[in-house]
Amino acid sequence: MKRPIYLDYAATTPVDPQVAERMMECLTFDGTFGNAASRSHAYGWQAEEKVEYAREQVANLIKADPREIVWTSGATESDNLALKGVAQFYASKGKHIITSKIEHKAVLDPCRELEEQGFEITYLEPEPQTGLITPEMVKAALRPDTILVSLMMVNNEIGTVTDVAVIGELTRANKTFFHVDAAQAAGKVDIDLSTMKIDLMSFSAHKIYGPKGIGALYVRRSPRVRLKAQIHGGGHERGMRSGTLATHQIVGMGEAFELAGKTMHAEQERIRKLRDKLWNGLQDLEQVFLNGHPTQNVANYLNVSFNFVEGESLMMSLKDAAVSSGSACTSATLEPSYVLRALGLSDELAHSSIRFSFGKYTTEEDIDHVLTITKAAVEKLRELSPLWDMYKEGIDLSTVEWAEH
């Protein structure tokens, strides 16, 4: 079976062969298979050494102290630990939290949970069409009892970049903790936690050619951030996250972060050319709209709405391309993307969107082929659409009164 062209790197990435090789060294009896918490013999010491080296590799990419890296099972757990951990530890200082309507579910769902525990959450509305959350919006929402602001650095559906450096200045001045979900940012944009006033940051390995099931939470040491642990049982990771450390996963994440640091800038440049080529080509079609910010973005994403085409039908027509109509965490539902709805898109436009996301194995030939098949599919589906005919005849569809069924 011929595999389709993979353009869903925002959902997950394949493990880099070099990463897989490093991981294999930590699995079998002749490798580093010991428990990093076993302090009484060489098997444990060797595993601990690998774990600590990986901690340095992750810290180096984001210019942090290795002691500020806490291993988790992924960005979802990191987000949960940051939000619930800070909220529950500092509840006596205030119960107000700020986030936005376009965060990942791994932030929004814990926020709903915290609301049930008596916290008050402000959900910021993004700028229409671009999806920007601006420092001004955050400043207007900050209060003396705001204990936490949680915003993503790069949006996972539209690729818009939030100016977290400036927002960090505002939160620090307000004595408010600032958590940033950087799952889609690491390895794509420069992160310097030695200068940014960010207190907590979530990471995932599988978004940058590392394994699934491993992530990290950066927890600032100075000024110190304290958390209420969410998983108990042994006090690993300085009491913040109990559980035997998965040496092979951790080693894989460290290696992936180191490789990302070496190739990041050249890769962004290469991918931007591919993205621009696809977007420029798609604009030959009528009624095609870019979702997200035209310039303040990372190159790996292109989210496009094709008016008068059902996104699910278009995806089914693109048999040669693996794309999505939203984040992988919500693409199992047929609801329109809540991110695109928050950008002010109509149900119709939100339903007609496709997210193309690019990565290290995407080639120019891939883009040429996907461009050809996408144009053909859109044209074919529009031929079948009575709404398209009405639009072409100059009928303003917003004024049409539809009969009730």
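Glycine residues also receive a Cβ, built from the backbone N, Cα and C atoms like all the rest.
Per Swiss-Prot, the feature pyridoxal 5'-phosphate binding site maps to Ala75, Thr76, Asn156, Gln184, Ser204, Ala205, His206, Thr244. Annotation comment: Swiss-Prot describes Lys207 as N6-(pyridoxal phosphate)lysine, evidence class sequence analysis. Positions annotated as active site, cysteine persulfide intermediate by Swiss-Prot, on the basis of sequence analysis: Cys329. For Cys329, the entry in Swiss-Prot reads [2Fe-2S] cluster binding site.
The most densely surrounded of the recorded positions His206, Lys207, judged by C-beta neighbours within 10 angstroms, is Lys207. Cα spacing between Ala75 (pyridoxal 5'-phosphate binding site) and the residue listed as 'N6-(pyridoxal phosphate)lysine': 10 Å, rounded to the nearest whole number. Proximity of Thr244 (pyridoxal 5'-phosphate binding site) to non-local residues of its own chain (separation of 6 or more, Cβ distance below 8 Å) is seen for Asn35, Ala36, Ala37, Gly234, His236, given in sequence order. For the pair Lys207 (N6-(pyridoxal phosphate)lysine) and Thr76 (pyridoxal 5'-phosphate binding site), the Cα-Cα distance reads 13 Å.
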